[in-house]
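Written out below as structure tokens is the structure these notes cover.
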Amino acid sequence: MQHLIRTSDFTKEEILDIFEDARGFLDFKPCEILKGKIIVTLFFENSTRTRSSFEIAAKRLGAEIVNLDVGTSSTKKGETMYDTVANINAMGPDAIVIRHSECGLPESLIGYVDCPIINAGDGRHSHPTQALLDLFTIYEHFNGQTEGKKIAIVGDVRNSRVAGSNRRLLPRFGIDVNLVAPDCFKYEGNEFKQFNTIAEVIDDMDVVMSLRSQLERHNITYFESLQEYAKDFCITPELMEGRDFLLLHPGPVNRNIDISDEVLKDPRCKVLEQVRNGVAVRAAILKKLILNNKN
């Protein structure tokens, strides 16, 4: 039985197979590939895109979705996550999609289930489906020619699980990862080139990925205001002028902090394309994990 906890759970060949399936799901035509299958979603952190994307993907494939309301679940009565998941597993779901603020929690639940677990984000650690849809967006834009392409990931690269997953995934496809952040948000490793402002590197980039400031993961205030942060890290029309790069953002976008209003309308900005691709990629992942499950 296969789970998706981090992007390394899939080989490069498996990822390319997922992309092949995802292309077929881009037209959003309903089908019955997963008819009779039941998928449980457990979101202990807020989500708009990821949760809705999984739900729409599942329903387009003919599966049923059961959303556990964590606000009224027995975890509020003191039940452990392990007991909660073990009880859900006893009901016979075909997959469990989970998001939690605790790093490593989805992986720790594997021994309690007989179905695939899909990590929809665990604290600062990992967000594998987001990284896969980001890569799919890049891969399709460059017609599969990703070797040697350069990306700047801009913003809170220390706390962002999206940055973490992309740091691990994109180099597998030959993409040169560069990190741009203020000192307080810098990645603590040394295997990537790091810069202080986007202006230093933007001329050399094929892709720029802007990130949301992870305010909910900070214990102290680093900037007097988000506007102060935006001076060096917001993607503005001035930065876009005369340049041809792909602009990505995992969402939600803080307008005029991460990306300006004007740039969000620019055809080089692929934020909504990422969302569309996310449904197709997650549909392909659900198909793979559920149909290949050998209990």
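Even glycines carry a Cβ here, placed using N, Cα and C.
Summarising the annotation, Swiss-Prot assigns carbamoyl phosphate binding site to ARG49, THR50, ARG99, HIS127, GLN130, GLY251, PRO252. The L-aspartate binding site feature in Swiss-Prot is assigned to LYS77, ARG161, ARG212.
Structure with Swiss-Prot features highlighted.
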{"residue": "ARG49", "record": "carbamoyl phosphate binding site", "CB count, 10 Å": "16"}
{"residue": "THR50", "record": "carbamoyl phosphate binding site", "CB count, 10 Å": "24"}
{"residue": "ARG99", "record": "carbamoyl phosphate binding site", "CB count, 10 Å": "25"}
{"residue": "HIS127", "record": "carbamoyl phosphate binding site", "CB count, 10 Å": "27"}
{"residue": "GLN130", "record": "carbamoyl phosphate binding site", "CB count, 10 Å": "27"}
{"residue": "ARG161", "record": "L-aspartate binding site", "CB count, 10 Å": "23"}
{"residue": "ARG212", "record": "L-aspartate binding site", "CB count, 10 Å": "18"}
{"residue": "GLY251", "record": "carbamoyl phosphate binding site", "CB count, 10 Å": "18"}
{"residue": "PRO252", "record": "carbamoyl phosphate binding site", "CB count, 10 Å": "13"}
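Among the residues the record lists as binding carbamoyl phosphate, namely ARG49, THR50, ARG99, HIS127, GLN130, GLY251, PRO252, the two farthest apart have Cα atoms separated by 16 Å. Among the binding-site residues THR50, ARG99, HIS127, GLN130, none has a Cα sitting within 10 Å of the Cα of ARG212 (L-aspartate binding site). Separation of the C-alpha atoms of THR50 (carbamoyl phosphate binding site) and ARG161 (L-aspartate binding site): 13 Å, rounded to the nearest whole number.
ARG161 (L-aspartate binding site) and HIS127 (carbamoyl phosphate binding site) are 6 Å apart (CA-CA, integer value). Distance from the CA of ARG161 (L-aspartate binding site) to the CA of ARG49 (carbamoyl phosphate binding site) is 15 Å.
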